[in-house]
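Trainee: A single structure is presented below for examination.
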Amino acid sequence: MGPDGALFIFSLLDEGALLCLAVYFVITLSDLECDYLNARTCCDKLNYWVVIELIAHNVLSFLLLICGHWILFLMYCPLGAWLTYKFVTKPSGDIGMFDPTEIHNQKHLKMYMRESLIRLGFHLIFFFIYLYWMIYSLVKGV
């Protein structure tokens, strides 16, 4: 097993974790929408995972860049850039990416739900892309 095999095994595990995290975000936001959670609990749960998601996504982007998989890097990096931009430009008075005072505004809740569903689809597509490349690199033996 060469470096590509190790890269794609790691990327598959990382993408699987990010996929589970995206499902968790969708479930938590839908629980808030149905009033099963209060806003403070929901925001605390989601804000805990934001930095971890950001690090996991950007580490994988960096590894793709280092290993020379330029096309995969260029396809994978826009979501990481968007997440980093949102994290850096969040208002200074908010407790995190998700603020309990603003999340119940229907516009914000719908926007967060739409972004979470887009991330879910993105990670689902890339999970299967990395699965294909992992199998290809292990069979090829590079």
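The backbone N, Cα and C atoms fix where each Cβ goes, and this holds for glycine too.
Taken from TrEMBL, the feature transmembrane segment applies to 7-27, 55-77, 117-139.
Give me the lay of the land around each of these features.
Mentor: Counting only same-chain residues 6+ beyond the ends of the transmembrane segment (7-27), those with a CB under 8 A from a CB of the stretch are 46, 49, 52-53, 56-57, 59-60, 63-64, 67, 69, 113, 116-117, 119-120, 123-124, 126-127, 130-131, 133-134, 137.
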Trainee: I need to check the long-range neighbours of the transmembrane segment (55-77): which residues 6 or more away from its ends have a CB within less than 8 Å of a CB in the stretch?
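Mentor: Tertiary neighbours of the transmembrane segment (55-77) are 3-4, 7, 10-11, 14-15, 17-18, 83-84, 126, 129, 133.
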